[in-house]
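*Asks:* Here it is, the structure in full.
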Amino acid sequence: MAEEEGLERGEINGGLASMDSIDSRWVFQDEDDSEVDDEEAEDDVRHRTVVDSEDDEDDDNAEQRLIRTGPRIDSFDVEALEVPGALRNEYEDFSLGRKIIIAFQTLGVVFGDVGTSPLYAFSVMFKKAPINGNEDVIGAMSLVLYTLILIPLLKYVLVVLWANDDGEGGTFALYSLICRHAKVSLLPNQLPSDARISSFRLKVPSPELERSLKIKERLEASLTLKRLLLTLVLAGTAMVIADGVVTPAMSVVSAVSGLKVGVDAIKQDQVVMISVAFLVILFSVQKFGTSKVGLAVGPALFIWFCSLGAIGIYNLVKYDSSVLKAFNPVHIYYFFKRNSTKGWYSLGGCLLCATGSEAMFADLCYFSVRSVQLTFVLLVLPCLMLGYLGQAAYLMENPAAAEQAFFSSIPSGVFWPVFFIANIAALIASRAMTTATFSCIKQSMALGCFPRLKIIHTSRKFMGQIYIPVVNWFLLVVCLVSICTISSIDEIGNAYGIAELGVMMMTTILVTIVMLLIWQINIIIVLSFIVIFLGLELTFFSSVLWSVGDGSWIILVFAIIMFFIMFIWNYGSKLKYETEVKQKLSMDLMRELGCNLGTIRAPGIGLLYNELVKGIPAIFGHFLTTLPAIHSMIIFVCIKYVPVPVVPQSERFLFRRVCPKNYHIFRCIARYGYKDVRKESHQTFEQLLIESLEKFIRREAQERSLESDGDDGDTDSEDMTSCSRVLIAPNGSVYSLGVPLLAEYKESSEPISEASTSEEVKPAPPADQTAYDAEQSIERELSFIRKAKESGVVYLLGHGDIRARKDSWFIKKLIINYFYAFLRKNCRRGIANLSVPHSHLMQVGMTYMV
C-alpha cells in the first residue's frame, strides 16, 4: 500500500504563508491566500487564529477574516535542514579499467539502435525515390550526412543531454526538472522541505531575467498550460513505448533479410520466422540486466562499428570516392529539384539514419553524460559516416542493388562474418529502446502517471538499471504481431519514423521550456533551437504521416492506446486524491474523542498508510469505527515521491506530531525519488522509521529547550500543554487546537482573548528543575515508544476505491467506473511492495463517490 498510495497523488497545497518577521501581526486573510490546513496550524503555530484551507476551498462564500500570525517554524523544514552534501555521481572516480568497461557497456546499451541504421536507411529511401542517376545518390548521401549532424550530434549530444535531471534522461525526467522550478504539476504535493533535499538542487530564476520569471508565473497560473504540458509528456512517453515495439521489428528483420543476398533460396516468409525466433530469445535474456548484457555485447558492437568504418573505406577506395561531394549541402537542393514529391516521400527513410537518438537521452540514467558524448563523437559518428559513404560509393556503380544496399556492398570474402556481426548488432539495437522504455515507465509510475508494475533491479551497484517483466513480455507480443502483420521493411520503416519523430518533437518542446525557465539563456539561441529542430522534425513527420495508410497506422494506434492508459490513470488518481483531501477528519473531532480516541488503546504501533501529507485521512475514522481497539501509538505514513532522481537514506523520513503529546499520534513522510525503488524488508523499514522518530523527539526537545532559554516569559513545556488556540473555519465553526510541534514564539504581552485560558500564569520554575523535567519527559516518551515497538507493529492498510456519482456525465462514468477500475484491479497492489507477513496486516475498504 505504501508505494501504491505514494505513487498515486500529490497534495493540494493549502495553508497560511510562512511569516519571516519575529513579531506577530494582524493581517486580512481570504481563501485564495490560505496555505496551511488545520493540522499544520495545530502543530506549528502558537496563539494565532487561522483559516482552515480545506474548508476554504469548499466554501465559495467565505469572507475575509482578521487573523493574527506569529513566526512559524515547520518541523518538516527544521528536519530537512540537517542534510549532507550533494550526492556524488555514482560513475565518478573510477579507474581506467573501469572506465573502459563502462565505455563498452555504453556501446551495448545506448548506441545499438543508431548503430544499425545503415542496415535499412538507404533501402527505404531508394524504395520511395528510385535512383535515376549518380546525382540522386550524392543528394541522398548529403541528406543522410546532415541529418546525422543536425539531429544526433547537434541536438542530442551537444544540447539535449545537458538537460538531464541529475543524470536521468527521458521525457519524464524533463517534466520532473520543470516541476521543480515551477509549480506546474496537476498533482502538487510540494512541501518547503522538499527543496532542502540535497539532490533537489533548486535554482530559483534570477530577478534580473524578467522573461524567466514571467514564464514561471504564467505556467503556474494557467491550468490550461499545466494540462497541455502533461499531455505533451504523456504523448512523448507513449511514443517511447511504441518505439520500443518497432525498434526490434525493424532491426532484426532488416538484419535477417541479408540471408536473401547470401542464399538465393531464402524467401521473405523464412526471414519473418527466423526474426521471430531471434526476438523471443532476445526478450528472454532481458531479465539478466543491463550490466551483464551490456558488457557481453559491448565488444560485439565495437567490432560492428569498426566493420562499418572498414567496409566504408574499402568501398570508397574501390568504387567511387566522388560521393565525398555530399558534404556540400547544395546537393540536397539538387536532390529535391530532381525528385520533387518522391524526394519528400524519401525523407521518412532518411530519418531512419537518426533513429536511436532518443535512446541516448532516455538511457542516460545508465551512464554518465560525458561517456555518452565522447563515445558518440569519437567512435559512433565517424564509423556511421564512413559506412554510409561506402554504401553510396557502391551504389554509384551498382544502382540496381539499392533494395539491399548494405549487404550487397559487403566484400564477398567477409560477407558471412559481417552478416553474423550485423545480426548480433541488430539484437543489441532491439534492446536499446526496450531499456529506454523501462526507464521511462519507471519514472512515469513514480510520478503517478502509469499503473503500478513489478520492477526488478538488475544491478546492486547502479540503482537505475531495472527490468519490468510485464512490460518486457508485452512489448514482445506486440512486436511479434507487428512483424507478422507488417512484413515489408518499407512499412515497418514508416512506422519506425512515426514513433521516433513523435518523441523527438516532444523532447524539443520540453527542452525549449528548460532553456527558457531554467537555463535562462539568450532568447535568440532558444528561438534558433526550436525553429531549426522543430521545423526539421515537422517536415520529416509530414512525410511519414503521408504514408500512414500502408500499415504503419498500427503503431500509431498502439501509441494512442498507451496515451489513454496513462491519461486515465492520472485522471482517476487525481480525482481520488482530491476526494480524500476533502473528506479528511477535522481536528475538533479528534479533540472530542480525547486521547483514547473514543476506543481502547491497545499496546503496539499502528502504521496507517495514506497519501495525505497534511490532515487526518478519512480511512482512519473507518478504522476507529470498525475495530474494537486501536494501537497505543499511531503513525500516519505517507510514501511520497518527490521530483528528484534519488533521496539519500539520511533524508528519507520527516516527522510531525498530529495531536497533543498524550495522543501519541505522529505523521511520517517517507520521501523517495523517481529513481528509487523500495527494496528494504518491513523489519528494516520499521527499524529505520523508529530510529528517525527517536531522533525527531530529541530534536523537538532541544528546540523547546533553546526557545525556553531565550524567552524569560515562557512557561515550561507542561504549562504550554494547557494553552489552547482557536481555529475559525469559513463557515463559522470554532476549532480548539492543541500543542504545537515545536516551542515557538509566545507573546510576552497580554494573550489573545480567543486563545486565553482562565488559569493564572504561574512563575517559571528554576532552570535546573525545568531541564530535569524536560529530560524525564523525553525518556518517558522514548520508553513508551520502545515498549510499543516490543508489543508489535501492525500495518493498517486502507483500500480506497472511487465511483462516479449518479449525476455525472456518461464519459466520466465510463472512464472511472470501468476503465480506471479495470486498471486498478489489474495493477500491482501496494501490499506486494511491503513484504509484510499477513499476520501483521489489517485492511479496510472504503469507496469514495467523485
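Just so you know, glycine gets a Cβ as well, placed from its N, Cα and C.
Curation does not apply to TrEMBL; its annotations are automatic.
Pulled from TrEMBL, these are the listed features:
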- 23-66: region 'Disordered' (REGION)
- 29-43: compositional bias 'Acidic residues' (COMPBIAS)
- 52-61: compositional bias 'Acidic residues' (COMPBIAS)
- 100-123: transmembrane segment (TRANSMEM)
- 103-588: domain 'K+ potassium transporter integral membrane' (DOMAIN)
- 143-163: transmembrane segment (TRANSMEM)
- 228-250: transmembrane segment (TRANSMEM)
- 270-286: transmembrane segment (TRANSMEM)
- 293-317: transmembrane segment (TRANSMEM)
- 344-367: transmembrane segment (TRANSMEM)
- 374-394: transmembrane segment (TRANSMEM)
- 414-441: transmembrane segment (TRANSMEM)
- 462-489: transmembrane segment (TRANSMEM)
- 495-518: transmembrane segment (TRANSMEM)
- 525-546: transmembrane segment (TRANSMEM)
- 552-572: transmembrane segment (TRANSMEM)
- 603-848: domain 'K+ potassium transporter C-terminal' (DOMAIN)
- 750-771: region 'Disordered' (REGION)
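Can you tell me where each of these features sits in this structure?
*Replies:* Sequence-distant neighbours of the transmembrane segment (143-163) (same chain, 6+ residues past either end, Cβ-Cβ under 8 Å): 114, 121-122, 125, 169, 174, 177, 326-327, 329, 332, 335, 346-347, 350-351, 353-354, 356-358, 360-361, 364, 369, 372-373, 376-377, 381, 384-385, 388, 504, 507-508, 510-511, 514, 529, 532-533, 536.
Beyond its flanks by at least six residues, the transmembrane segment (228-250) meets 113, 120, 170-172, 174-175, 178, 184-186, 219, 275, 279, 282-283, 352, 355-356, 358, 362, 429-430, 432-434, 436-437, 440-441, 444, 449-450, 475, 478-479, 482-483, 486, 489, 492-493, 495-496, 498-500, 502-503, 506-507, 509-510, 513, 555-556, 558-560, 562-563, 566-567, 570 of its own chain at Cβ-Cβ distances under 8 Å.
Counting only same-chain residues 6+ beyond the ends of the transmembrane segment (293-317), those with a CB under 8 A from a CB of the stretch are 101, 103-109, 111-112, 115-116, 118, 285-286, 323-324, 366, 379-380, 382-391, 393-394, 409-411, 414, 418, 421-422, 424-425, 427-428, 431.
If you look at the transmembrane segment (374-394), the same-chain residues 6 or more away from its ends with a CB under 8 A from one of its CBs are 103, 106-107, 110-111, 114-115, 117-118, 121-122, 137-138, 140-141, 144-145, 148, 152-153, 157, 302, 305-306, 308-309, 311-316, 318-321, 323-324, 326, 353, 360, 401, 405-406, 408-409.
If you look at the transmembrane segment (495-518), the same-chain residues 6 or more away from its ends with a CB under 8 A from one of its CBs are 151, 155, 159-160, 163, 171, 174-175, 177-178, 181-182, 203, 205, 211-212, 215-216, 219, 229, 232-233, 235-236, 238-240, 242-243, 245-247, 250, 348, 351-352, 354-355, 357-358, 361, 482, 486, 525-526, 529-530, 533-534, 537-538, 540-541, 543-545, 548, 551-552, 554-556, 559.
Here the transmembrane segment (525-546) has long-range neighbours at 150-151, 155, 159, 344-348, 350-351, 494, 497-498, 501-502, 504-505, 508-509, 511-512, 515-516, 552, meaning same-chain residues at least 6 beyond its ends whose C-beta is under 8 angstroms from one of its own.
Proximity of distant same-chain residues to the transmembrane segment (552-572), defined by a Cβ-Cβ separation under 8 Å and at least 6 residues beyond the stretch ends, is recorded for 186-187, 230-231, 234-235, 237-239, 241-242, 245-246, 444, 448-451, 478, 482, 485-486, 491-492, 494-499, 502, 544, 802, 815-816, 819-820, 823-824.
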*Asks:* Based on Cβ pairs under 8 Å, which of the stretches 270-286, 344-367, 462-489 lies most in contact with the transmembrane segment (414-441)?
*Replies:* 344-367
*Asks:* Checking distant contacts: for the transmembrane segment (462-489), what same-chain residues at least six beyond its ends satisfy Cβ-Cβ under 8 A?
*Replies:* 90, 120, 123-124, 127, 167-168, 241, 244-246, 248-250, 253-254, 257, 268, 272, 275-276, 279-280, 283, 286-287, 289-291, 365-366, 434, 437-439, 441-442, 453-456, 495, 550-552, 554-555, 558, 646, 675-677
*Asks:* Using a Cβ cut-off under 8 Å, which residues of the same chain at least 6 positions beyond either end of the transmembrane segment (270-286) come close to it?
*Replies:* 248-249, 252-253, 256-257, 259-260, 293, 423, 426-427, 430-431, 434, 467, 472-473, 475-476, 479-480, 483-484, 487
